[in-house]
């Protein structure tokens with residue numbers, strides 16, 4: 001059993017001691033990083049979340065403390081009292097390396113078994129072991145730095161929004177299921193057997209109701225839940241920085257959030273954000289980068305060759321154009337010497353994005369090499385090279401197909417090649433607003449339109465009349481903030497008219513009865529003078545990944561789930577007692593083989 005503190009107080013953190021503390025008598029508490037016994041002296045590196053302090057025990061300093069210190073092992077939790085002195089041999093690799101603590105008294109607060117993972121920076125252990133022993137993984141200095149960054153980010157956000165007149169308000173966690181998009185996590189009700197709450201995918205509807213309530217500027221940093229198939233860097237529960245404002249238009253929300261981003265990235269990460277941030281309509285983003293999340297840290301933009309080859313007899317080009325598609329290409333500079341095997345791999349790569357194939361032209365010093373050259377006239381080849389601004393050494397990669405296939409395949413290929421060539425500047429932070437999103441996307445399987453963002457998004461004023469005739473052409477008052485090819489956040493101006501919201505539900509295939517059954521409380525609220533309003537939400541976890549310099553979302557969440565939405569630490573989800581299920585009116589059905 002460990003020793004009690006008995007009134008002993010920590011007076012300094014391990015990572016805080018400097019030369020100006022020399023001569024002070026202090027008490028430090030933390031975990032033993034390592035111990036070195038040099039015979040007459042014992043050195044202990046003591047660690048807490050601020051850093052490491054070297055402690056020296058010796059018979060001449062204090063015999064009892066010296067003998068007791070010989071019993072400590074790695075990860076023992078101890079308290080040491082003594083005097084800070086100048087080190088005879090400073091360690092310039094440590095922030096506290098100019099000083100050390102002469103250990104005059106030691107308390108062993110608790111012992112530790114040999115840890116299953118080595119607690120150090122740059123740990124090389126399996127993800128499952130790290131998550132199973134997460135409380136040990138979180139002791140590592142690089143993990144503790146991440147969560148100090150997370151804390152500071154939340155503080156800067158709160159301070160900024162408070163200074164700009166926002167109120168931090170909470171919205172319900174147990175709410176109504178309104179299935180549209182990702183699956184809800186459902187919570188059975190004991191009082192209303194056979195009925196369920198849902199955990200919120202976002203506070204969307206409630207924050208709009210707060211605007212109807214007159215709170216004007218709302219924010220919260222809140223948990224959200226989505227029961228979806230997990231992809232890389234997705235978690236079933238995640239954290240949003242959520243906000244909503246009344247009496248605003250798009251420019252107001254964007255300008256405020258540019259100032260917020262500049263403040264957060266400067267104060268937390270030391271990163272300068274150039275304002276104003278570039279804005280790019282969705283249509284341009286897709287045509288130039290094949291993505292609504294373009295990475296602008298490198299070029300290799302998509303070029304439209306349709307006009308250059310519109311009269312071509314090459315069946316692949318001709319067929320795509322006649323079917324209403326297009327012929328587009330990217331240029332990989334200095335890649336004309338790429339071998340056939342490498343190009344074949346690129347062929348296979350674009351086929352995973354439903355492209356039928358990949359045509360290529362290698363512009364070499366002494367020749368133009370291409371398997372499609374024989375199908376093109378000299379004028380067509382010249383027009384392609386001019387359109388691509390090609391020079392000797394360049395490789396042109398062409399896809400001809402339906403526009404959505406062309407954009408998606410070339411957009412993915414652009415990123416793939418940039419990573420392979422290592423031409424992306426990892427120290428650059430390129431923000432861009434993507435605007436004028438399509439309001440709706442047609443679901444061919446269900447035979448109806450679906451909201452591209454959510455069904456509460458307002459329409460561009462000039463597109464309102466298209467809603468009843470050509471809904472696929474309607475643009476939304478929506479905006480996403482993208483950083484280095486990743487969506488950092490997104491938002492929109494909202495519909496604030498009950499009748500127009502009903503019309504939107506109708507376009508989405510809802511009957512009036514179904515719309516009122518699911519969203520009647522919102523439609524009813526909109527009858528009582530709702531203000532124009534809009535907002536935005538950031539993925540806090542994604543933001544911390546950028547600020548902390550990690551590519552793994554699990555690194556920025558204290559107790560994350562694994563790729564199967566399972567917690568190796570607590571073994572959740574787990575089987576519950578039959579009496580709990582009976583109380584909820586739930587009966588398990590055994591799965592048949």
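Glycine residues also receive a Cβ, built from the backbone N, Cα and C atoms like all the rest.
Copied over from Swiss-Prot:
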BINDING   180, 226, 453, 494  L-aspartate binding site
BINDING   226, 227, 228, 235, 487, 539, 540, 541, 542  ATP binding site
REGION    204-207  region 'Aspartate'
Worksheet item: What is the pLDDT of the region 'Aspartate' (204-207) when averaged and given as a whole number?
Response: 97
Worksheet item: By a simple count, how many Cβ atoms lie within 10 Å of the Cβ of residue 540 (ATP binding site), its own Cβ left out?
Response: 24
Discussion item. According to DSSP, does residue 542 (ATP binding site) sit in a helix, a strand, or coil?
Written reply: helix
Worksheet item: Taking the Cβ of residue 228 (ATP binding site) as centre, how many other Cβ atoms lie within 10 Å?
Response: 13
Item to complete: Starting from the Cβ of residue 487 (ATP binding site), draw a 10 Å sphere and report how many other Cβ atoms land inside it.
Response: 15
Worksheet entry | Residues 226, 227, 228, 235, 487, 539, 540, 541, 542 binding ATP per the record - widest CA separation, whole Å | 20
Worksheet item: Quick one: Cα separation, residue 453 (L-aspartate binding site) versus residue 487 (ATP binding site), in Å?
Response: 13
Item to complete: Could you tell me how many residues in the region 'Aspartate' (204-207) are helical, how many are strand and how many are coil under DSSP?
Response: 4 helix, 0 strand, 0 coil
Item to complete: Could you find out if DSSP has residue 226 (L-aspartate binding site) as helix, strand or coil?
Response: coil
Response to the item:
Integer Å value for the Cα distance linking residue 540 (ATP binding site) with residue 494 (L-aspartate binding site) is 22
Worksheet item: Within the chain of residue 542 (ATP binding site), which residues six or more apart in sequence place their C-beta under 8 angstroms from its C-beta?
Response: 233, 486, 487, 488, 553
